[in-house]
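J.: This is the structure I want to talk about, given as structure tokens.
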Amino acid sequence: MIYWIILILLFILAVLSESKLTRTLKYLLIVIAAGSLTLLAGLRGNIEPDYANYEEMFDNVGIYLSQGGEGVEHGYLFLNYIIKAVGLGFQAVVFIMAFLAIVPKVIFFYKHSPNFLFSSLVYFTSIYFLFDFIAIRQAVTITIFMCSLVFVLERRLVPYLICIVLGAFIHSSILLLLPGYFIFSKKISGIYLYCIVGICAVINILQIKIGLVEFALEKFVLPEAAAGKAAFYGAEQNFAFVSLKQIVLAMIFIFLNDKKQSNAQFKNILTNIFVAGIIFATVLNGIPQLSYRIKWYFFWPEAILIIYFVKYLSFEKLPFKYLMYLALLALYANTMFVLLNELATRGNYIYPYKTFIDQ
């Protein structure tokens, strides 16, 4: 029930925020949105698949560090070590990671979205439960990447690289975004982007599997750790689809990117990131686990770009905006319903919500 209460709360606040608000009231809404999402994730007990694994890391952090990390990044292990050394329990790790992942995201939405509360709602119905609730290390690195985009916009290479490298101490997957500085700000012809997304759509419809892992293992001598991870990711034989929704959204965002609207340069960056997600998810369609971990670095711009879509279709008329927000609420509520039910089937997870005190 608590999940749906927060969803409705965010929707009501998003609708109210379309009116002119004082700066103080806006800051209050930031606190409400960021606070409710942080508390929900930070106080949760063992109701998601990775909780027990992270607790085991915390309990044995000294062993992990003495053995070189055993595949876990040292930045995250040192955080565990410090928290344990000062006498705090594992729940402090959960709460701090939730705070680091969520609060900067909401502030980022406030700075860059026409309606930061509806952007928070979109994010809450998908990425939040997949990462801020479960894959907490990557949740933080996604936030770091989001915040680093200001340096892409300002064309400041060194701060961008510093952000990505620091993020790698939490989850090394963020290193794949190093070349993004040179790509995301490019103004690419809409025709080319339509063609790229169209080709990716055909590959997904025909289920053409791209065997990158097999190719890499056959053609290159990989380091032992990399070869082990490649073999692990390649063990699953399922086809990793790019959803029809993401394909359609990519087409919509490309269309909007060609229209003259405010914040054109930043919207161009977000559009390029989203299309890059379509490309990566398609190229990695033969490696479901790796595709899943990588693609969400690229699909979060939906939370902002969908608001520009609302602005474009509503002609800035409040009644039309409200109707579109209501329709989108139904869409994203269904997305959340399906996602939570799928997570619940993996074990005794998600339902009912329990805090660490209740378990």
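Positions of Cβ are set from backbone N, Cα and C atoms, glycine also.
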J.: Please find, within the list 27-47, 132-152, the residue stretch that TrEMBL describes as transmembrane segment.
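T.: Among 27-47, 132-152, the range TrEMBL annotates as transmembrane segment is 27-47.
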J.: For the transmembrane segment (294-310), which partner among 27-47, 81-103, 115-131, 159-184, 322-340 gives the most CB pairs under 8 Å?
T.: 115-131
J.: The transmembrane segment (322-340) vs the transmembrane segment (81-103): three or more C-beta pairs under 8 Å (separation of 6 or more)?
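T.: When sequence-distant Cβ pairs are counted, the transmembrane segment (81-103) does not touch the transmembrane segment (322-340), since fewer than 3 lie under 8 Å.
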J.: Residue list, the transmembrane segment (115-131) vs rest of chain: Cβ under 8 Å, 6 or more residues beyond ends.
T.: 6-7, 10-11, 13-14, 17-18, 29-30, 33, 37, 41, 101-102, 105-106, 109, 138-139, 142, 296, 299-300, 302-304, 306-307, 310, 325, 328-329, 332-333, 335-336, 339-340, 343
J.: Between the transmembrane segment (191-212) and the transmembrane segment (239-257), are there three or more C-beta pairs closer than 8 Å, counting only pairs 6 or more apart along the chain?
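T.: Per Cβ check, the transmembrane segment (191-212) touches the transmembrane segment (239-257).
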